[in-house]
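What TrEMBL says about this one:
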- 1-16: signal peptide (SIGNAL)
- 71-92: transmembrane segment (TRANSMEM)
- 104-125: transmembrane segment (TRANSMEM)
- 131-155: transmembrane segment (TRANSMEM)
- 167-191: transmembrane segment (TRANSMEM)
- 197-218: transmembrane segment (TRANSMEM)
- 259-284: transmembrane segment (TRANSMEM)
- 296-318: transmembrane segment (TRANSMEM)
- 325-346: transmembrane segment (TRANSMEM)
- 352-372: transmembrane segment (TRANSMEM)
- 384-407: transmembrane segment (TRANSMEM)
- 419-439: transmembrane segment (TRANSMEM)
Amino acid sequence: MKIPFVEPVICLSVFALTLNSPLTTQYVYRRIWEETGNYSIALESNTSECAKNKSSPIFAFQEEVQKKVSLFNLEMDISGLIPGLVSTFVFLSHSDHGGRKFPLILSSVGALANSAWLCLLSYFALPIHLLIASTFIGALFGNYTTFLGASFAYIVDQCKEKKQRTIRIAIIDFLFGVVSGLTGLSSGYFIRGLGFVWSFLIVTVALFVNLIYILLFLEDSMKESSSQNISVSWTETFKNLFHRTYMLFKNASGEQRSLCCLLLFTMITYFFVTIGVSPIFVLYELDSPLCWDEVLIGYGSALGSVTFFSSFLGIWLFSYCMEDIHMAFIGTFTTMVGMVMTAFARTTLMMFLVRLPFLFTVMPLSVLRSMISKVVHSTDQGTMFACLAFLETLGGITAVSTFNGIYSATVAWCKGFVFLLSAVLLLIPAISLCVIKYVSRNAGSYVLLIQEESSEDTSDR
């Protein structure tokens with residue numbers, strides 16, 4: 001019997017990703033620490049090896065380790081850039097004809113292979129640079145953006161009514177926040193109690209169960225995918241997707257085209273900054289003067305995951321008293337405040353308090369997606385969000401690589417520089433929002449017309 005629910009798949013995947021990310025970062029940090037010098041890190045704690053006194057010989061050593069780790073992360077991100085972009089574009093576009101299970105299966109296989117390789121790497125203490133090769137190979141099967149894109153497309157295929165679709169997506173946002181929060185909270189105890197090998201093994205088992213569910217139990221949301229798949233080739237799929245994207249902007253009016261481009265630009269610039277700086281938090285917390293251990297990093301990760309749930313609550317509450325664009329302003333400016341506070345955080349209490357301004361970090365992304373859907377005709381929604389998914393993949397991988405490089409270059413003389421730079425860069429989407437507010441006033445009548453036409457098309461169907 002097939003099950004038409006993709007929620008268990010998303011929960012297991014979020015658990016694996018949330019646990020695997022801090023595990024990999026801390027494993028790489030420990031390996032590079034031990035290979036760089038004669039110092040070793042005890043598994044129970046790393047605070048004894050983190051020097052807060054600048055005159056200590058370990059202080060200069062840990063600065064060198066920070067540089068090497070951020071550069072290593074940069075190499076990993078670059079190795080997965082091109083294959084991740086190509087696979088995401090190909091698999092998601094082909095899923096319109098080949099079914100949504102196709103990218104779900106391939107991306108799950110890639111994640112499972114990468115996790116299993118991490119188990120072997122940590123158990124046999126193989127050369128750490130082999131992790132770069134596994135990242136490249138795993139990206140050929142798709143990345144997490146591929147998986148999430150296919151999952152949300154699966155839900156859209158099932159939900160015929162807009163209200164039902166909104167409820168299902170809201171449930172996903174809630175589950176995402178709960179699962180990632182609980183997993184982040186316990187990640188430090190996994191490392192301390194089980195070690196890296198067994199922790200990576202747990203991730204591998206979760207991904208294996210996930211793959212079995214997709215293969216044997218998950219119902220395909222597209223009933224006629226097999227016949228369509230025979231008649232549509234890969235070349236035709238590419239041509240059709242590029243043609244639809246080109247025609248989307250060509251047939252739009254000047255006001256609609258301007259508003260669409262502005263919304264896309266605002267969303268991608270905001271996404272670039274927030275996604276790019278997020279992996280730096282773990283390195284920043286491991287270094288002096290914070291010198292966090294794996295348990296504190298787990299607490300910080302759990303608090304960071306709360307932003308998914310708090311942003312959802314913020315949208316739900318603010319939608320009764322303000323426009324979408326004002327909610328985007330609130331999320332952008334509170335995130336800027338959080339970045340500045342992080343740059344000057346020198347105590348554990350301050351680093352925990354930093355999470356408060358980040359409560360609405362996800363809110364601008366959700367709001368901007370909603371605003372984009374309102375200026376695009378219902379028949380062009382799929383094309384627009386395929387374009388958006390491609391830009392998110394490109395922007396995300398490029399951002400992580402860029403910010404890792406910046407942190408490596410500046411950690412010796414100003415650890416918090418990358419966060420101050422992020423706060424300054426967030427001025428770009430903030431200014432863009434001001435322009436959007438001005439343009440949307442002139443394009444308001446056209447947006448209303450689009451919405452009326454879309455509702456008429458929906459009722460006709």
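Sequential numbering from 1, following the chain as shown.
Glycine is treated like the rest: Cβ placed from N, Cα and C.
Annotations in TrEMBL come from automatic prediction, not curation.
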(request) Answer with yes or no whether the transmembrane segment (296-318) touches the transmembrane segment (197-218) by the criterion of at least three Cβ pairs under 8 A, sequence separation 6 or more. (result) no
(request) Report yes or no: does the transmembrane segment (167-191) come within contact of the transmembrane segment (296-318), defined as 3 or more CB pairs under 8 Å with a sequence separation of 6 or more? (result) yes
(request) Using a Cβ-Cβ cut-off of under 8 Å, list the residues of the same chain that are 6+ residues beyond the ends of the transmembrane segment (352-372) and lie near it. (result) 173, 260, 263-264, 266-267, 270-271, 274, 299-300, 303-304, 306-308, 310-312, 314-315, 324-325, 327-328, 330-332, 334-335, 337-338, 341-342, 345, 384-385, 388, 429, 436
(request) Report, as numbers and ranges, which residues of the same chain sit near the transmembrane segment (259-284): CB under 8 Å and 6 or more residues beyond its ends. (result) 21-22, 25-26, 29, 66, 69-70, 73, 249, 252, 290, 297, 300-301, 304, 328, 332, 335, 339, 342, 361, 364-365, 368-369, 371-372, 375-376, 384, 387-388, 391-392, 395-396, 398-400, 402-404, 407, 415-416, 418-419, 422, 425-426, 428-429, 432-433, 435-436, 439-440, 443, 447
(request) State the non-local partners of the transmembrane segment (419-439) in its own chain: residues 6+ outside its ends, Cβ under 8 Å from one of its Cβ atoms. (result) 255, 258-259, 262-263, 265-267, 269-270, 272-274, 276-277, 280, 284, 325, 328-329, 332-333, 335-337, 339-340, 342-343, 364, 371, 403, 406
(request) Could you check if the transmembrane segment (131-155) is in contact with the transmembrane segment (384-407), meaning 3+ Cβ pairs under 8 Å among residue pairs at least 6 apart in sequence? (result) yes
(request) Mind pulling out the one from 71-92, 296-318, 325-346, 384-407 with the most Cβ pairs under 8 angstroms to the transmembrane segment (104-125)? (result) 71-92
(message) Give the nonlocal contacts of the transmembrane segment (296-318) in its own chain as ranges (CB under 8 Å, at least six residues past its ends).
(response) 18, 22, 26, 170, 173-174, 176-178, 180-189, 278, 281-282, 285-286, 326-327, 330-331, 348, 351-352, 355, 358-363, 366-367
